[in-house]
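Shown next, in structure tokens, is the structure this report addresses.
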Amino acid sequence: MAALGHTLPFYTGTKPTFPMDTTLAVIITIFLTALVTFIIILPGIRGKTRLFWLLRVVTSLFIGAVILAVNFSSEWSVGHVNANTTYKAFSPKWVSVDVGLQIGLGGVNITLTGTPVQQLNETINYNEAFAWRLGRSYAEEYAKALEKGLPDPVLYLAEKFTPRSPCGLYNQYRLAGHYASAMLWVAFLCWLLANVMLSMPVLVYGGHMLLATGLFQLLALFFFSMTTSLISPCPLRLGTAVLHTHHGPAFWITLATGLLCILLGLVMAVAHRMQPHRLKAFFNQSSEDPVLEWGSEEGGLLSPHYRSIAESPETQDIPMSVASSETCFKEEHPKESDCSL
């Protein structure tokens with residue numbers, strides 16, 4: 001037994017765990033890499049445009065990273081309690097533990113940490129996830145947890161979210177997660193369209209897409225709050241303590257980001273009405289950039305050249321070649337050679 005480190009051969013040792021969710025780590029790494037890349041090329045931009053460009057990049061990457069991160073986060077609804085409870089089935093021994101419950105859009109995460117960690121000759125430090133996303137079966141994962149022999153507090157909380165539990169937590173949170181996740185994916189697509197439009201001379205439509213991005217984020221919060229509010233109170237008792245849940249960091253970050261998107265969209269809409277030249281200067285676009293518009297008389301696209309001439313308050317000289325070509329276009333002459341220059 002000494003060769004095994006005082007550990008029974010049929011018990012596996014403590015596995016090393018990554019300090020955070022791997023999906024969130026990948027998302028954060030991707031956006032940080034993009035930010036570092038943009039910062040590297042920042043010295044190549046001259047003047048005040050450098051500061052405006054950096055502000056746009058940081059804000060845009062922050063919004064996109066938040067939308068993706070909260071979609072995979074397990075901290076939409078959280079709870080934490082310190083309790084004295086039983087540790088294993090068919091054992092009268094009690095332990096002092098910190099129990100954490102994190103509910104996300106795709107499942108629940110349960111943490112169990114002993115205070116102190118070493119109790120009953122064991123290391124009490126568990127972090128178990130149970131998912132209900134598409135393609136995952138919560139009931140199967142709960143059955144595997146029973147076979148694995150997880151501690152009683154973990155199994156007790158996991159059992160409350162099973163489909164057959166009388167609490168009804170599974171159906172409500174699963175439905176809320178599906179609707180909220182769908183709204184966040186639409187918000188992410190609106191964010192992509194906003195970035196495309198803000199790089200083109202259609203800034204006002206980019207502002208509209210920012211408004212849509214914020215509205216869909218708020219819709220995700222609305223669906224999550226409305227669906228979870230329909231749940232009847234189901235006490236989560238651990239020994240003599242009761243675990244209560246409340247909105248977590250992911251919920252409040254989504255709310256703040258959604259309000260930020262709406263504010264930016266409104267500012268762009270007002271700036272487009274009041275100060276269009278300053279708005280174009282902020283996005284490093286010249287006020288003289290040609291923009292195709294629909295003609296009011298014939299319903300066709302106006303050429304940028306003629307649109308600038310028509311909108312100019314000063315009289316402008318039209319080149320002879322342009323004037324003669326217009327005359328030839330209007331006259332119905334059977335011979336093409338008379339209109340050649």
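Quick reminder: no glycine exception, Cβ is built from N, Cα and C everywhere.
Here's what Swiss-Prot has on this protein:
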CARBOHYD  Asn84  N-linked glycosylation site
CARBOHYD  Asn109  N-linked glycosylation site
CARBOHYD  Asn121  N-linked glycosylation site
TOPO_DOM  1-24  topological domain 'Extracellular'
TOPO_DOM  46-51  topological domain 'Cytoplasmic'
TOPO_DOM  73-183  topological domain 'Extracellular'
TOPO_DOM  227-249  topological domain 'Extracellular'
TOPO_DOM  271-341  topological domain 'Cytoplasmic'
TRANSMEM  25-45  transmembrane segment
TRANSMEM  52-72  transmembrane segment
TRANSMEM  184-204  transmembrane segment
TRANSMEM  206-226  transmembrane segment
TRANSMEM  250-270  transmembrane segment
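Features as recorded by Swiss-Prot, highlighted on the structure.
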residue	record	Cβ within 10 Å
Asn84	N-linked glycosylation site	13
Asn109	N-linked glycosylation site	19
Asn121	N-linked glycosylation site	7
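Panel annotation: around the transmembrane segment (52-72), residues 21, 23-24, 27-28, 31, 34-35, 38-39, 42, 45, 104-106, 181, 184-185, 187-188, 191-192, 195, 198, 213, 217, 250, 253-254, 257, 260-261, 264, 282-284 of the same chain, lying at least six beyond its termini, place a Cβ under 8 Å from a Cβ of the stretch. Asn121 (N-linked glycosylation site) and Asn84 (N-linked glycosylation site) have their C-alpha atoms 17 Å apart, to the nearest angstrom. Taking Cβ pairs closer than 8 Å, the transmembrane segment (250-270) reaches residues 59, 62-63, 66-67, 69-70, 73-77, 104, 184, 187, 203-204, 206-215, 217-218, 220-221, 224, 279 in its own chain, all 6 or more past its ends. Distance from the CA of Asn109 (N-linked glycosylation site) to the CA of Asn84 (N-linked glycosylation site) is 20 Å.
For the topological domain 'Extracellular' (227-249), the number of residues in each DSSP class (helix H, G, I; strand E, B; coil) is 4 helix, 9 strand, 10 coil. Remote same-chain residues near the topological domain 'Cytoplasmic' (46-51) are listed as 284 (criterion: CB distance under 8 Å, separation of at least six residues from the stretch ends). According to DSSP, Asn109 (N-linked glycosylation site) sits within a strand segment. According to DSSP, Asn84 (N-linked glycosylation site) sits within a strand segment.
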